[in-house]
Amino acid sequence: MKAPRLTDTTLRDGSHPMRHQFTREQVASIVQALDRAGVPVIEVSHGDGLAGSSLQYGFSHTSEFDLIETARSHAERAKIAALMLPGIGTRQELKEAVARGIQVVRIATQCTEADVSEQHFGLAKELGLETVGFLMMAHMRPPEALAEQAKLMESYGADCVYIVDSAGAMLPSDAAARVRALKEALSVQVGFHAHNNLGLGIGNTLAALEAGADQIDGCLRGLGAGAGNAATELLAAVLDRLGLNPGLDVFGLMDAAEYIVAPIMPFQPFPDRDAITIGYAGVYSTFLLHAKRAGAQYGVDPREILVELGRRQAVAGQEDWIIDVALDLSRRHTAGTRKESRL
Amino acid sequence: MQADKVKVAILGSGNIGADLMYKLLRQPGPMELALVAGIDPASEGLARARQLGIATSANGIEAILADPEIRIVFDATSAKAHVRHAKLLRESGRIAIDLTPAARGPYVVPPVNLGEHLRAANVNLITCGGQATIPLVYAVSRVTPVRYAEMVSTVASRSAGPGTRQNIDEFTFTTARGLEAIGGAQEAKAIIILNPANPPILMRNTIYVMPEGDFDEAAVQDSVAQMVADVQHYVPGYRLKNLPVVERRATPWGERPVIIMLLEVEGAGDFLPPYAGNLDIMTAAARRVGELFAAHLLKTMEVTA
């Protein structure tokens, strides 16, 4: 195993539990701490990527372009990255993000739909960016199918392709097999992005590293969608004990998590009942808060909503199906109650 | 030519062209399908047209230009090809109904604004998501001013061809512009998601509409119900899964009531499978536009005679 490159995505994946309310001040202090602690890449954008600010996903408090600009001005060594999902964000926002300071773009598609990203990789390369492909919901397809999709991204110009466990549904053997398939198929780097819904955020990341992953993701305090991600400070401590520390200040990251991020978190992401359900049912981690809200609004158990979304094979970004499922379940319950009262 | 019919041609013999052919044969109205022109002599669309006894050509637009009786041309090729076709068709006095994203003529959504453009030489059908969702945004904006509208279209992966995939940004721009210009929203956003589920999902659209101020919910419900019925005339599989619901949402304009509509579009299964409601609504809208143009032409001809 070799020391991996770490991308911290507190300011992107963490935007979900923060309900997209990050401020310039928060971004400045988090970026400063990460930069000082030797984190080489810091991702900043709406949780659903550039242009994610919407009724569908939640509106941003502060424009992500302003947050990117703040991040860039507070990073001395770290590169600033943004996420974009074709279908939500477009080349227009990508250009704006470059103008405001990103040096890396991570282009994410559902793991079967890599061919929607060709024009975005093309522009990113033209603009001189480092590019990362993000195959989301990768638990839904076998390793060989993912390798095919990853090769498409490589052909479009990806410098690295990630296996993204958006649902936090993988077991360590799933993560390892998928990373290995990409390592065998690609000549560019391979990454792994974990969610902790089944309590395997760190474990799956280690399995990915053993299978040859070159890059990994973390969030301070695990602040991310669902039960959160692999915690950056934990990864630093574990990598250090493994003798694979890529130059991270373990205590600096522990302090940033404890004293900068923990005090501003609305809650500590944790594999609780609903978050475990996300991993267990294999649905998109960001559905968590939306399912809780729709559950309260329509009087349905969020767990039932999440399980039904898994059955319907909902994919990344389909938050609107949550309302649909909640209404269907609520109708079914009403019909059921009526039947019972007749008995 | 039958005196009560207008000769029309389909340009493009791919999936869309073939589906439109079946619709025009099943429900010709005042149209007579005189020619299907493609550029690939081996295409399934041309083979099927021949089997059905329709004149075909693999010479593309040349065959259409050679027949002066053809008055209306449905262009189901590509945006790039349509830019060239639009010029040639205009010069030879034909009406072009453009199913590509080229947008050389005004946007039309049949139950919303077609009446305004019956004299246009070229009309554009926007996008599948636009045809599905603009009528519902308009149904709200004709009752109460709309500050912001957003649509999320989810289509089956298998119904999204290479054209959509390589031009996914254009889908979002064009649809959002249509929601504003034709739907009547002051500001709009469009999102598209491809879902690879097996069996394939029916085309689904979620429409969020935030009115400018207070609004009469009953009037909105009535207007929406009327619009759904109007679209169902030409797209029978167009249906709301639910009555519109109103949720209070945090927005840049404060906490506001938002009308949410969940729309499903099932295709007629003419040539393309029923799950591809996104393609069906384009060909159904094209047929409807052609029907109205043809009726208008016949009326004008009577007047001149």
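Glycine is no exception: its Cβ is also placed from the backbone N, Cα and C atoms.
In TrEMBL, annotation is done automatically, which means it is predicted and not curated.
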Inset, instruction - Out of A:Asp8, A:Asp13, which one does TrEMBL list together with A:His193, A:His195 for Mn(2+)? - result: A:Asp13
Inset, instruction - According to TrEMBL, A:Arg12, A:Asp13, A:His193, A:Tyr284 bind substrate; identify which of A:Ser53, A:Ser155, A:Ser166, A:Ser173 is listed for that same site. - result: A:Ser166
Legend entry - Number of other Cβ atoms within 10 Å of the Cβ of A:Ser166 (substrate binding site) across all protein chains: 31
Legend entry - Spatial neighbours, same chain, of A:Asp13 (substrate binding site) - Cβ under 8 Å, 6+ residues apart: A:Glu43, A:Gly47, A:Asp217, A:Cys219, A:Leu223, A:Gly224, A:Ala225, A:Asn229
Inset, instruction - Rank the recorded positions A:Arg12, A:His16, A:His193, A:His195 by the number of other Cβ atoms within 10 Å of each Cβ and report the first-ranked residue. - result: A:His195
Inset, instruction - Enumerate the residues of the same chain, A:Asp13, A:His193, A:His195 excluded, that satisfy the criterion Cβ within 8 A of the mean position of the Cβ atoms of the recorded Mn(2+) site; list them in sequence order. - result: A:Thr9, A:Val164, A:Asp165, A:Ser166, A:Gly168, A:Ala194, A:Asp217, A:Cys219, A:Gly224, A:Ala225, A:Asn229, A:Ala230, A:Ser285
Inset, instruction - Provide, as an integer number of angstrom, the distance between the C-alpha atoms of A:Arg12 (substrate binding site) and A:His195 (Mn(2+) binding site). - result: 14
Legend entry - Cβ within 8 Å of the mean position of the Cβ atoms of A:Arg12, A:Asp13, A:Ser166, A:His193, A:Tyr284: remaining residues of the chain near substrate: A:Thr9, A:His16, A:Gly47, A:Ala108, A:Met136, A:Val164, A:His195, A:Gly224, A:Ala225, A:Asn229, A:Ser285, A:Thr286
Inset, instruction - Just give me the nearest neighbour of A:His195 (Mn(2+) binding site) among the recorded positions A:His16, A:Ser166, A:Tyr284, Cα to Cα. - result: A:Ser166
Inset, instruction - Ten-angstrom check, please: count other Cβ atoms within 10 Å of the Cβ of A:Tyr284 (substrate binding site), all chains counted. - result: 27
